[in-house]
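Taken from TrEMBL, the feature compositional bias 'Basic and acidic residues' covers 1162-1181, 1203-1220. According to TrEMBL, the feature domain 'PH' maps to 1-74, 89-178, 382-485, 496-594, 915-1018. Per TrEMBL, the feature domain 'Arf-GAP' maps to 175-298. Annotation source TrEMBL lists domain 'Rho-GAP' at 598-779. For 808-902, the entry in TrEMBL reads domain 'Ras-associating'. Taken from TrEMBL, the feature region 'Disordered' applies to 1155-1186, 1198-1220.
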Amino acid sequence: QKRFVKFDGKNLMYFGSDKDVYPKGVIPLAAIQMARPAKDNKFEIMTIQRIFVFRADSEVLRQHWVSTLQEHVRDQLVFGQRRFGPGPHCQKHGALELKGTKSKVYTAILTDQIWLYKSEQCFRNGIGITVIEARGATIRDGKNRSFDLITRFKTFSFSAESDRDKRDWMEALQDAIAETLSDYEVAEKIWSNRSNKICADCKARNPDWASINLCVVICKNCAGQHRGLGTMVSKVQSLKLDTSVWSNEIVQLFIMLGNDRANDFWAGHLPVSEELDCDASPEQRREFITQKYREGRFRLAHPGFSCQEELLKVLCAAVSEQTLLRTVTHIFSEAESANRSSQSAGYQEHAAHMDPLSLSDLSVYDEIMQPVLHSGFLYKSSSINRGTLTRKTREDFQKFWCSVDQSLLLYESDRSTEPCMQISVRDVVCLGVSRPDSSSTNNGFIDRFRYTFELYLTSEKVHLFGVETADALHSWTRAIGQAATPLSCHCLLTREFERVGLLRYRAMLNPQQWKEAYFVLQKSNLFICPQNDGAAEDIINLNRLQELSVTSESENHEKKDVLVLVEKGRTLHLQGVGRTDFSLWYSDIQRAAGGKGNTLREQQMSRNDIPIIVDSCIAFITQYGLGHEGIYRKNGAKSRIRLLMEEFRKDARNVKLRIGDHFIEDVTDVLKRFFREIDDPIFMAELHPLWKEAAKLPDKRGRLDRYKNIIGSLPRVNRTTLAVLVSHLYRVQKCADLNQMCTKNLSLLFAPSLFQTDGKGEHEVKIVEDLIDNYPYVFEIDEEHQTQIDLEVSLITSWKDTQLSQAGDIIIEVYLEMKIPDCCITLKVSPTMCAEELTNQVLYMRNVPDGDKNAWMTFEAIEDGQLERPLHPKEKVLEQALMWCTMADPSSAYLVVKKVPKGEGINILTSYKSEVMKIGLLRCREEPPKLLQGTRFQERTFQIRDHKLLLLKDKKSIKPEKEWSLKSMKIYIGIRRKLKAPSRWGFTVMSDKHQLFLCCSSEAEMWDWVTSFLKAQNDDPGPPVLRRHSSSDISKQKFGTMPLVPIRGDERNSSMLSANQTLRKLHDRRSHSLYFPMKMQHDSFEERWEPSDLPEPLYEEVGDFGLQVLKSLETSFRSSRITETLEFPDQPPLRVVHSEKGHLDDKMVLEEVENPSGSAEMQEHKSKTEECEEDAGRRWQEPQGVCTHSQELLLQELSSAFTKKDRDQQEDQEEKPYDV
């Protein structure tokens, strides 16, 4: 049928005609796997569920459709996200009856669109019938269980299964329609006051409604009851919809006031027992809101008026005398001052003798009187030039009567009329607060003030003040801070802070421009506030910093310090306004970033919001301790544990766990001790009854579901940390054959620490045991991730001496063309590396010339090379390599990069046939024999179609005798020798329990079948990119979470890794081609290499090391095109010689200087290398390879340097053997 097709960049839609508004079918871009051309101007759209075939009017138009769709599909795979099926983007989904259709339609609300699907399966695959825009639509209630969705063009009539289901659908549709009209600008500004993010009535989160005249921010449920009071009592407006009524003045009023201060009036006498809960019923809300606002039952009475009639008389008199503003201001200031608990007795006596209105200066309008922010007694020391706060004693301070307005005025006494000193708030650069540590029980020195604050001025003078109480300190610092900062900082200063002031900053969005803003340091948060009167602009959580460092920059021929803060991909540079204020800010920020608190959320965090102490300990134990017998049961030394715990408490970012310095038992005890000593257990004390109640459930499925619900209610830090810890313990018990630690043992050891129960409680042990055993289900681990864990554990249990790579990748050997030591290359393979990348990297490392037009592919060889499987260019190498641990002899498998026939190789790599279908006669043998009886090869007809291998009776047969899914099968070139195949052009097709041996008549026919197999198995939407890695690509290549860099710096560093040592290590483990990977998260701060004197490197690089410098130099001297590094077992120190192998160019190899062992193998190797040296001596004299005397001396010096470094490392290892 002819359809009008439209592609808007997100969805491919086809209509009955070009005049139709709603399509007959919708295919989301995210659901399209690929678009490919077909015959007769057709093209196919492939999805998981089905293949859609379209036909264009011409070949040019078809090509345009295919190229456009393919380009968007490619971008979607790289940058897009899955936007169909269930998920956070789907507000509601379910089956509804639609008038005009025979069966129910599956309906889903996706943000601002309503999608209709044929079935739930179509919903999960993304293939829809039509899509309806929610913008501009309305909902109309109907009879019984029906309701209408009315749009501009059509009315959709739906029927739900029940009245409750109908209400839920109508409410969800109303929310979707309202969301299209929402404007979050006003809401974000008002929410900048933290108290406005909680409903003033029921304490619900993120309220988006407000009562304008009552100055309270309320939730949607409470807003409905406020409307019931009438507009004379409460005028309700939405923060997101009614943006026109929100003037800047009203917004600033809500920011300044906040729900906490508003409730100080409306709920001043509200008993705790009568507070409203967010789960209250509508009747309970109506009764509470009526009592609170209409009746004013909980209001705080004004101290100057005993009843409302007296207040009304004063206001009426003010209207008649035209002093309304003056009177109202005085009434409010009088009420606030009466409730201010921090005022001293001296101020109350002083205020009694003075006119209350005389305390204010005239503002812009004569009628509006601004009251004094604060006044009282202060102790001030003489001005100093730097912040030496702790050195001042009480004798250095003098008592003054002070008041804060536009200036800080200091009087000799409370009866003085003229100030003896004045400090303008405009001259204040920053205000710092010093208070005793809340965790300390020591009251400090008696002769010093425990509560002080400092004012740093533009003149670079520092004034130090002292007070007696914490309340007085907060009142003074808040008043001075609000006087010296813009309105955007005021709401932040209502709570305790450590420092506030002006700083210069530079962000990555505009790295060349310095800007000025006010910064507020509160506990571990650094707020950035603009200088204009707006809301808080940004916030930095100092506990989550990945880097905190100081650098120097020159500005106007003057060197200035710059503080660098790096937090999750963004970098902020800070610079002081003066000379001294920078050091004050730096010390406070460094102290705040230290994670001094004793709760989970106050710890220094890694990238994934996990405490660094937990992340580091688990990473160390995973790397070195999974096979350690009695892990977590054996105790470490108390002194070492205490020291390590203190290091983590001081600064966890700078603690580096190394196997040479730290014992596994110490690290395991530190991990348990950390969870045991935090203030609130990771499972949370308030949820402890819920955990015990869940543990008592007899039904396992119900018990685990209850666990999932409780875990979902945990704070994010608790939830992520618990998931990482249980994942780690799950791996530990998987290795129980090695470490003797089953789930029961682990739960007995960890339950007391995680619940902080001092070893009591069988329910707690049961909970931890259930979480470990059912980790994949409770934490919703997908099958792919679980398979990866099982393979990793299998590697450990199968190969007990497997070494871990801390960079997070497997170290693997790859051969070039044939499996001989001379052709071996050792490199790291990340989980994301595909066969194409591996091939290009191997060719680069072996310097295969760029002009080589041969097609190269990576093969997986098994059974000592009898069978070789070509890997599809997009196939993940690591997934295949990890499967080797399931073989009886894993060392018989390896990877090899080989040439393939030019025509077939280019076909596999760069093109895709319009239709993967192959049919022909093959000679076949089956194991175990089922359809094909006997052990001889029989000639049968096979066909590849629809991702299946079909066995046909003959070419004309339609129904196959047998079919196999190619997705679950592997094809290997070659047939085992013992089967005595009739032709050498054969291949083997393997599944888990079945094998087919197929023989072809020629090599071309064999490659034709192999190519068809690969294409049928891999529905890749586009061809791979054929390119050769450059040197910069290799040096910047990232594997896993860690960039590959030379050991402890670049190749110019004196601590480069000895190539000889690395080659020996690799040969010692030649039988183990895989080195088990350890996935670690390293903060960028940790990735900065620091000099170290330890013999073992912190991170290990495998590939071309420092000797690459020698190779590149010699190559440049002799115009070589190919450079190789040969690997020999148990080598003594190395020197540079030349090899006879290669083409016409010289190569560098590594030769033994002396062979003390005298083994036969080494003698044979020595004879070979002598032959190489003799031939190299002849070729050394060739004219094109001649190098100057100075160049030859340079090569000898570099070679001796590497040899000396290697000897030193060998001596260090012999002198300091260590085993855990």
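For all residues, glycine too, the Cβ spot is worked out from N, Cα and C.
Whatever TrEMBL says is automated annotation, not expert-curated.
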Recorded stretch that, among 1-74, 382-485, 808-902, 915-1018, has the most CB pairs under 8 Å to the domain 'PH' (89-178): 1-74
Local confidence of the prediction over the domain 'Ras-associating' (808-902), expressed as mean pLDDT: 80
Among 1-74, 382-485, 808-902, 915-1018, stretch most in contact with the domain 'PH' (496-594) (C-beta, under 8 angstroms): 382-485
Within the domain 'PH' (915-1018), residues counted as helix, strand or coil by DSSP: 21 helix, 41 strand, 42 coil
Residue distribution over DSSP helix, strand and coil in the domain 'Ras-associating' (808-902): 28 helix, 34 strand, 33 coil
